[in-house]
């Protein structure tokens, strides 16, 4: 796992000669490999791995980085009505600001190569530096609105380029630093904090930034463009300060790996970068599981990013849409970490857990769809039903993410964790991008049709 970024002492084999798998032996799951090695060890031999207390600090720094990256990515969706008035954004601009997230995954394979060859520290430092540049560009004080919009788009793109690391490296970090009975929990915490950051954007944006007239009953003086713009810039400066603080902490202390591996799986030899892709693309079971993850999770992530835009036609305010998005993701994070902790103790039930979660997600999405089609189904469209259906959908889908990550790594072991999760998150972001493009095109066409129909109605009235 990246011999170029460790010392000679760290590269010494963890197990003695003959204790590891044979060069031509078939590789199976991480647990099977560890069990096979443990069976060969003498009964009086010391524990083959060691965990360090500093692992929690490394996990905290990485999780906070993912949290802020998700917060910056979802800055504009929850306040899209205010951003239109303050900066003159169009519907296409709002969707594109969210779309920069999946677009940032285009060089995902370069970040996977960097993680595999250079390790965690170099990759995380580069990621945090891109976030500093991105959030800094958005804070440059310029009166020209056209140039300001371009700087904001550039900043969102740079933040999107940080996505591959914070979304893919969680299983790699958990395997490198944590023992076998803590891996799923560490993966859940590191991966879910990014989604929690996106959820907090639903809360921070609408509460700090006032909504323009027509979406919330605020005073006319508070709804002025200058006041809204000042509040948005307050959010941008605060996010820039937090990113700079995290970059400084990462630069001061973020070791690439512990002195001794925590488990046999962490010390096992992995496939090369090229052979890993060949193994992934030739594994039909992995491809099926990857599509089962990428399609629903990618669509839901894009849908959540423009939730305010979607719920505006049914007269849901900016604040209500923010609370719906916030609780749907927070609930998924809490349940996901609990599920991962449960999976740490009971192996072999990952498929059953995923089936139960997806069954609940199917029922929740059906409920939400039938509720929105109340003109056909005659079901009541109330705030309670919208909250309940959206929150349940987010809980069931988001809580499946760490379970999927563990299943991916177990399925294609000994492919490096960063490469495995990089491929599936790339697919997920591809489906997210397709959905956002479709929603933008659909919303633009509907707006044009409404304008044309209103013009014709006015002309008919005048005649």
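Cβ coordinates come from backbone N, Cα and C, glycine included.
Marked as transmembrane segment by TrEMBL: 56-73, 94-114, 120-140, 235-254, 286-311, 323-343, 349-373, 385-405, 417-442.
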With the cut-off at Cβ under 8 Å and a gap of six or more residues from its ends, the chain residues touching the transmembrane segment (235-254) are 57-58, 61-62, 64-65, 68, 71-72, 75, 120-121, 124-125, 128-129, 131-132, 135-136, 138-139, 204-205, 208-209
With the cut-off at Cβ under 8 Å and a gap of six or more residues from its ends, the chain residues touching the transmembrane segment (286-311) are 73-74, 77-81, 91, 94-95, 98, 101-102, 198, 202, 280, 318, 320-322, 324-325, 328-329, 354, 358, 361, 386, 390, 393-394, 397-398, 400-401, 404, 407-408, 411-412, 420, 423-424, 427-433, 435-436, 439, 443
Highest Cβ pair tally under 8 Å against the transmembrane segment (385-405), stretches 56-73, 349-373, 417-442, lands on 349-373
Checking 120-140, 323-343, 417-442 against the transmembrane segment (94-114) for Cβ pairs under 8 Å, the most are found for 417-442
Counting Cβ pairs closer than 8 Å to the transmembrane segment (349-373), the top stretch among 120-140, 323-343, 417-442 is 323-343
The answer for the transmembrane segment (417-442), taking Cβ pairs under 8 Å and residues 6+ beyond its ends, is 91-92, 95-96, 98-99, 101-103, 105, 108-109, 111-112, 115-116, 163-164, 167-172, 174-175, 273, 276-277, 280, 286, 290-291, 293-295, 297-299, 301-303, 305-306, 309-310, 404-405, 408-409
